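Asks: Taken from TrEMBL, the feature region 'Disordered' covers 1-40. According to TrEMBL, the feature transmembrane segment maps to 59-77, 97-119, 126-146, 152-176, 188-206, 226-245, 291-313, 333-350, 357-376, 382-404, 416-438, 450-471. Summarising the annotation, TrEMBL assigns domain 'Major facilitator superfamily (MFS) profile' to 59-475.
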Amino acid sequence: MDPEKEVIGQQVQQSRLGAPHSPPKDGDLSDAAGSAPDEELEWTEAEETAVRRKIDWHLVPVVTLLYMLCFLDRINIGNARIQGLGDDLDLNTGVRFNWALSVFYIVYLLVEVPSNVILKRVGGKYYLPFLVCGFGLVSLCTAFVTSFEVLMVARVFLGIFEGGAMPGMAFFLSCFYKRNELLFRMGIYVSAASIAGAFGGLLATGLSRIPEWGVASMRIDRWRNIFFFEGLITIIVGVVAPVWMPTTPGGAHFLGERERRIAAERLIRESKANPNTAVTWRDLRQAVLCIHNYTCALGFFLINITVQGLSVFMPTILKDLGWTDTKAQLMSVPPYVAACLVAIAIAYGSDKTQQRGIWLAAFSCLAVVGFAILRWVETPNIRYMALYFVTVGAFPGGPGFLSWAMNNSAGPAVRAVTSGYVVTLGTIGGIVATWTYVQADSPRYFTGHSINLGGQVAVVCLSIFGILYCAHENRLRAAGKRDHRLEGLTEQEQELLGNRHPSFRYWT
């Protein structure tokens, strides 16, 4: 049952979960050709590579685009703030801007796990684009808010729709890829956060310069243009996304009949789990009681403090270096571009080496250096350089910790819960992030940089702990010290042990 030792075309010898086979529903994350084992099927490595590449070209770009729009609609409030939003709605008084950010994350974390349970039941082809259209509509409507109170309501609805997007897309990808293929694809799609940060600064600069337009009772200009047009673009993409997105590996419209069978069966042979299985209380307990998941969730929490904080406050931090609004927007672009490229490279290297923790620990050290510079150095150009260290070091951590947790969760139902609740706990970091940089602490933001410095040091420690824990558990299993878990269990009950099975090996 060790996924690392599976070979292509190996006959499955153990029985699968005993759910009866039923015809797949459109949008169900079960596999049309793979809800029951296809032990007769054999294929070559070249065939599997060709299938995987087709899935890559049809799945990864659209998921990346959807998440880029998700993150763009989340952080555009930071760009809008220095284009007049803060003055028009009196957000620069006290901590009103911080409350507008916090209410989003509070709602966001409450809907993540329920949303993933719905996704597992409904399927991602239509549910994910529905969420995209929802938060696009909210962003568009934000262009018409006239008070702080109405802005708070808009942020609540934005959190409702965006809450299921990131964990949902992560789970959706995990239904198409093996464990050693997942992080590279997740790294590409989560790097869309960096793309959104870079693109957001450029787009905000251009949109804010569109001449005033609208009706007499509601004129649209400056920051209102940012929300209106970014929301409109998001809605359009969300409407057309289902045309391109596949339903399941076994029902992908762009694959031939044999290719669909290979795409579905290769995943069943790796996980030995029935993709038709619904989420049960056993799955919830297995995900929630896993020590390693808490390591990843806490790491994701600390990473989120940095990533979410910088994503919203970077334009303000740069403006406080003495730069103009336009220069601050434009100079926010290069650090995000660097973060995007490095995140993809780390994801590729991590998948190839089948290691997670060492990459997380190493690059978090760069973020530690960056925040130390921001905390104690006053020279503007040096402080700007430190932002590169921070973005390059911290931004790859989100997909790293999330994929590490999902890699070490056996079975699609458990993975669905794991992705949802790890991101849920991690999202609390987003709430903390909204209070790390307050107006009273400008322009040096000693408190915010100190919090993030301590958080990144903790990330390094957590990564090392995760490596040691997983390696220790693997040694115990190899020595037969977890075999007692099989005593008195039927073969079917042994399958339900998932990542607690003595033959399951954790990725370090």
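Every residue, even glycine, has its Cβ placed from backbone N, Cα and C.
A description of the local structural setting of each listed feature is requested, covering burial, neighbours and distances.
Replies: Long-range contacts of the transmembrane segment (126-146) within the same chain: residues 27, 63, 66, 69-70, 73, 76, 89, 115, 118-119, 154, 157-158, 160-162, 164-165, 168-169, 172, 218, 220, 224-228, 230-235, 237-239, 241-242, 245, each at least 6 residues beyond the stretch ends and with a Cβ under 8 Å from a Cβ of the stretch.
Proximity of distant same-chain residues to the transmembrane segment (152-176), defined by a Cβ-Cβ separation under 8 Å and at least 6 residues beyond the stretch ends, is recorded for 29, 55, 59-60, 63, 66-67, 70, 73-74, 77, 99-101, 103-116, 118-120, 124, 127-128, 131-132, 134-135, 138-139, 141-142, 145, 182, 185-186, 189-190, 246, 248-249, 263, 267, 275, 402-403, 406, 412, 415-416, 419-420, 422-424, 427.
Tertiary neighbourhood of the transmembrane segment (188-206): same-chain residues 60, 63-65, 67-69, 71-72, 75-76, 79-80, 83, 166, 169, 173, 226, 230, 307, 311, 314-315, 326, 329-337, 339-340, 343-344, 347, 391, 395, 398-399, 402, selected by CB-CB distance under 8 Å and a gap of 6+ residues from either end.
Under 8 Å from some Cβ of the transmembrane segment (291-313) lie the Cβ atoms of residues 71, 74-75, 77-78, 101, 105, 193, 196-197, 360, 367, 387, 390-391, 394-395, 397-398, 401-402, 404-405, 408-409, 418, 421-423, 425-430, 432-434, 436-437, 448, 451-452, 455-456, 458-459, 462-463, 465-466, 469-470, 506, all in the same chain and six or more residues away from its ends.
Below 8 angstroms of C-beta separation, residues 95, 98, 101-102, 105-106, 108-109, 112-113, 115-117, 119-120, 163, 166-167, 170-171, 174, 279, 283-284, 286-288, 290, 293-294, 296-298, 300-309, 312-313, 316-317, 398, 401-402, 405-406, 409, 445, 447-448, 451-452 of the same chain, each at least six residues beyond the ends of the transmembrane segment (416-438), sit close to that stretch.
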Asks: Give residue numbers and ranges for long-range contacts of the transmembrane segment (97-119): same chain, 6 or more residues beyond its ends, CB-CB under 8 A.
Replies: 29, 74, 77, 81, 86, 91, 127-128, 131, 148, 151-152, 155-156, 158-160, 162-164, 166-168, 171-172, 279, 308, 312, 416-417, 419-421, 423-425, 427-428, 430-431, 433-435, 438-439
Asks: I'm a bit unsure how to read this: which one of 226-245, 333-350, 357-376, 382-404, 450-471 has the highest number of Cβ pairs shorter than 8 Å with the transmembrane segment (59-77)?
Replies: 226-245
Asks: What stretch of 226-245, 333-350, 357-376, 382-404 shows the most Cβ pairs under 8 Å to the transmembrane segment (450-471)?
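Replies: Against the transmembrane segment (450-471), the leading stretch is 357-376.
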Asks: Mind checking which residues reach the transmembrane segment (357-376)? Cβ under 8 Å, same chain, six or more beyond either end.
Replies: 299, 306, 342, 346, 349-350, 382-383, 385-390, 392-394, 396-397, 400-401, 404, 445-446, 449-450, 452-453, 456-457, 459-460, 463-464, 466-467, 470, 508
